[in-house]
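Participant: For reference, TrEMBL lists these features for the protein:
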ACT_SITE  THR296  active site, nucleophile
BINDING   THR314, ILE315, ASN316, ASP338, SER369, SER370, GLY393  L-glutamate binding site
COMPBIAS  352-362  compositional bias 'Low complexity'
REGION    341-368  region 'Disordered'
Amino acid sequence: MLERGGSAVDAAIAGLLCNGVVNPQSMGIGGGKAMGIPGEIAGYWEAHLKFGKLPWAELFQPAIELCINGSTVQPPLAKSLQSKKEQILAEPTLRDIFTQPGGKDVLKEGDTMYRQQLGETLQKIAENGANVFYNGSVSKDLLADLSQPDGINSPITAKDLSSYRYSIHSIRRGSKVLHTTNVPSSGPVLGFILNAMKEFYPNKSEIPFGNWSRSDQGLFFHRLTEVYKHAYGRRSFLGDPKFVSDNVDHRQTLNSLGDPRFARFIKSQINDSSTYEDLAYYGARSGATEPRDSGTAHLSVVSPDGVAVAVTSTINTAFGAMFRSTRTGIIMNNEMDDFANPGPNSWGQEALENQQNNNLPEPGKRPMSSMCPSVIVGRDSGQIQAVIGGAGGTKIITAVSQVPTAATVLLLSEIGGMDLLAATEFRRLHHQLLPKEIMFESDFPRDILEELESRGHTTKQYNSFPGSVVVSVHKDINSTWLGVFDPRKLGEVDGID
């Protein structure tokens, strides 16, 4: 799309549409039961109206061709199909497109996947615009499938679809360089983490992180983990601002997260020698773990004219609601599980007490999300220096904060002299306050883990890999744009001269 003279937004929309075809386990245009009203197409339409250059229909053609001509099953999809094999074989709407001839086994890596109905739906949207999805032939077909009593029997109505409105939020501007999304995303939480770590390490180290002493490396990750715990404790007070803006806890927490003085205060509360078990120490009130959202995809785009787009998309868990509208080919999301609930969620987890106040489901409300796509600009020049975001559910926040660029104050590269690729490849750890343990990737340096354990941390290796994926583009010291796709998951970097 960029080669055709399109904008960064054009390229992002086309890329997301294609990604939704070939990675249906992670994202797509589908949005009641477990499903939220799908807002993807409405968002694309508005973004294209404001910033697009190419004709709307042209953005859809690559994805339509993938649907009709078929796409090769790549390792991430093959792995997800295998992990959900039992459910897919038991669900006719998924079995039709995700199984080999005969329907006895799921598609394998290298097989060809066809999505004829989705291709026809995308063609209708390409020709008629977004309205056909919300108040036209596509919405009628979608509702017909959703209302089948022998299917998902969803309570979503024609009014629900036709009355859907996209929401535009002001960005969270860092005092220096970070521009990120506002609540109900987790951009403010990311900003707080970066501010707090900047308090510990105000200046770039001249010594590469790999040459730090084991004690200093351990201290760095201890401080980072403690900041994470404070971040997730405060995150539990947040919710959709259209519904909770008058809530004192929400308002004060949101203001604090963006205040450098609060970052300095948190620094003063962190004990370099020990971690703590008390939830109140980290700002939370009570309860167990947060929901673990997952099944996400991120795209970072910079166009030749210097415009940047960071966009993250999801249908929540792998294959969303595990239901496909056969008339439209759309796989529906299960985004409702991102809301807090008085009882346990699908993983048997209960929300923190304060989450129950601000992130309970209501008509028209958007749930809290871990997504935090961000654009980083130079302090003095105001020029775009980096575009970054990630996938991995609640691990998005910690992953993005651990993958910095040389253009900003984002942790390792400013502190330890890592380049972008090295920072992306470095093994990660994650702590979300509850459960009370550090989750770490395989091959995370054992000596650093021992340093953390000596301070009272409990450590546990991820059950699955990858736990998180980060995609970024940044400008190097020669003003050349460089892209890095996380090697933890199949993907690639593309560009034009």
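Glycine is no exception: its Cβ is also placed from the backbone N, Cα and C atoms.
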Participant: Greatest CA-CA distance (Å) over the residues THR314, ILE315, ASN316, ASP338, SER369, SER370, GLY393 that the record ties to L-glutamate?
Facilitator: 13
Participant: Out of THR314, SER369, SER370, which of the binding-site residues has the smallest number of neighbouring Cβ atoms within 10 Å?
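Facilitator: So among THR314, SER369, SER370, the binding-site residues given, the one with the fewest Cβ atoms within 10 Å is SER369.
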Participant: How many Å separate the Cα atoms of THR296 (active site, nucleophile) and THR314 (L-glutamate binding site)?
Facilitator: 4
Participant: Within 10 Å of the Cβ of ILE315 (L-glutamate binding site), how many other Cβ atoms can be counted across all chains shown?
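Facilitator: Step by step: centre on the Cβ of ILE315 (L-glutamate binding site), count other Cβ atoms within 10 Å, giving 31.
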Participant: For GLY393 (L-glutamate binding site), list the number of other Cβ atoms lying within 10 Å of its Cβ atom.
Facilitator: 26
Participant: In terms of DSSP three-state secondary structure, what is the assignment for the residue listed as 'active site, nucleophile'?
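Facilitator: Reduced to three states, the DSSP call for the residue listed as 'active site, nucleophile' is strand.
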